[in-house]
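> For reference, the structure I am asking about is given below.
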Amino acid sequence: MYPPLPPPAPHRDFISVTLSLGQSYDGSKSWRRRSCWRKWKQLSRLQRNVILFSLTFLMLCGFLSYISVADQWTAVDGRSAEEQKTRPADPPVLPAPQKADAHPENMQGALPQKPQRHFRRGPPNLHLRAPGKDSEDPRQGDTKRRDEAVGDAHQEESTQRTVVSWRGAVIEPQPGTELPSRKAEAPARPSSQAPRIQNPAASPNERQRAVIDAFRHAWAGYRKFAWGHDELKPVSRSFSEWFGLGLTLIDALDTMWILGLKKEFEEARKWVSKKLRFQKDVDVNLFESTIRILGGLLSAYHLSGGRALPEEDFGNRLMPAFQTPSKIPYSDVNIGTGAAHPPRWTSDSTVAEVTSIQLEFRELSRLTGSKKFQEAAEEVTRHVHSLSGKKDGLVPMFINTHSGLFTHMGVFTLGARADSYYEYLLKQWIQGGKQETQLLEDYLEAIEGIRRHLLRRSEPRKLTFVGELAHGRFSAKMDHLVCFLPGTLALGAHHGLPADHMELARALMDTCYQMNRQMETGLSPEIVHFNLYPQNDHKDVQVKPADRHNLLRPETVESLFYLYRLTGDRKYQDWGWEILQSFNTYTRVPSGGYSSISNVQDPLNPQPRDKMESFFLGETLKYLYLLFSDDPDLLSLDTYVFNTEAHPLPIWAPPREV
């Protein structure tokens, strides 16, 4: 027998691994670096050059961006020793207001909300100094009436030296005065006269007390539900943010002082001095922040007797907006980083916005002694004045910040995006002591352009209104914003401009009143269309469904104030009283505040929009209070000029002879 065979050996698999001598893979990055280097060497020379060029380009862009941001930051924070000069020793000081016995409700905390996009009107201005030599104007016939009006405005002044305007018109200045110089060591000081806010012996009348009651109701809602935030949402008892800078509070500062609400004023001023901070990463609209915040701070400074407020700091933070190729400012600027930019959808700014910041920037330079604010704003004025594309003084609505040229040519309106351009032409002339004649000439030319191209009469009541012109085609559309014009025309007539300006002001004031009167709620819609042809059962004023909202705007009561102050006709007070009653009936929210409404034609359901704009306290109620006053020295129109947000700024006194 054979012994049993041993079992077969188990099958084994083998893997062959080749290792480099003296090296091992330990999971470190060295092996991966060698792998990357091998891949790099495998690329063609062209591929490697493209990659190197791209990396170099990205590094260069990053370096240039860093330099740009650093320069803008320097522009925001850098201040020369000259800019730190003390404020004037003799600002116009107004007596403290009469103490009010208001006791607003205690404030309740609220959670912060995200900022919301906000849109509002667009405004404007112009200003220039006399050139070294005469300039020719081919439209001699069109300027004859303006030259006569300029002469009328100065016929009370004796001749000391001849002033040559930008268009060659010869106008005589006031005796003992000279044209304002942008190179002057110190800006002109305001009149040493101490203007009064209210006759100490007088107390508010019944209608003024009704305005104070409305203000307190609105303020109680803001204080309770939106304290320190931009705007009150009265229906939901919350707030909305636009800039996050306490917009309503700042806009209402001078209103509280004028109404005699000293306790509320002091509480708000304390918040400004202790809580308001501009060092924050937020974009602000240059125009809106200038007229509301800068204008509000400047006005409160003057009315309260020169109490320090942070208007210079805020002005410095707005300056980067002017850093454009054309010097036409961007619409938006970040007050924390100094980065300025146009809107997301265009590189244009609106003409109204870039030409309606001059009153505030000029006054800021006068107060601080720093000429940069005035020079930047007036550079815009000079540029806009020199542009072609106007139509008998009327300007297009848009201007490009890169080229500096008008865009969307052939469209002319006195509504949104152009309105306050015309307003600030006149008011700068008044602010500067009626010596900057180019402003006056441009204003007079524009009024003649309005008469020639935009004025029509409606049917059946023959209401005079201001329409729009688009590429030669007239539209009977009129924004409620245009109702600033009657007051502006009346103000010009008060300061010596032609008497027919007052006649036109009265006619347009009747129209603006009818825009309210013919609505079921007694409140004007945002936009109306006028009936041009006789038709049965048709009113003069027609409203489209998309236009029938009311935002608590001030323009009608603003013009009522000017017309009553300058004519003494009490019907204007009565019309304003009707509008106040309509506000109380259809917009007042029981828990505090007033709300804009969506339908002025439905008194049963006006549809509150749950928003109280800051200008309701800053403008609407202020103008109503002034309208109901019979004291012509209450913010005299010979001492103050109101900016387009109703903030009074002092008229500059003529410089004294040395």
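Glycine is no exception: its Cβ is also placed from the backbone N, Cα and C atoms.
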> Looking at the disulfide bonds in TrEMBL, identify which of C61, C483 pairs up with C512.
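In TrEMBL, C512 forms its recorded disulfide with C483.
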> Taking just the CA atoms, what is the gap between C512 (disulfide bond) and E555 (active site) in Å?
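About 9 Å separates the two Cα atoms.
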> Which ones, of the recorded positions E288, D419, C483, E526, have a Cα no more than 10 Å from the Cα of E555 (active site)?
C483
> Distance between D419 (active site) and C483 (disulfide bond) at the Cα atoms, whole Å?
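Distance between the two Cα atoms comes out at 10 Å.
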> Considering Cα atoms only, can you say which of E288, C483, E526 is the nearest neighbour of T644 (Ca(2+) binding site) among these recorded positions?
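Smallest Cα separation from T644 (Ca(2+) binding site) among E288, C483, E526: E288.
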> Rounded to a whole number, how many Å is the Cα of E526 (active site, proton donor) away from the Cα of C483 (disulfide bond)?
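Pair distance, Cα basis, whole Å: 11 Å.
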> Roughly how many Å lie between the Cα atoms of C483 (disulfide bond) and E288 (active site, proton donor), rounded to a whole value?
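It is 19 Å, counting Cα to Cα.
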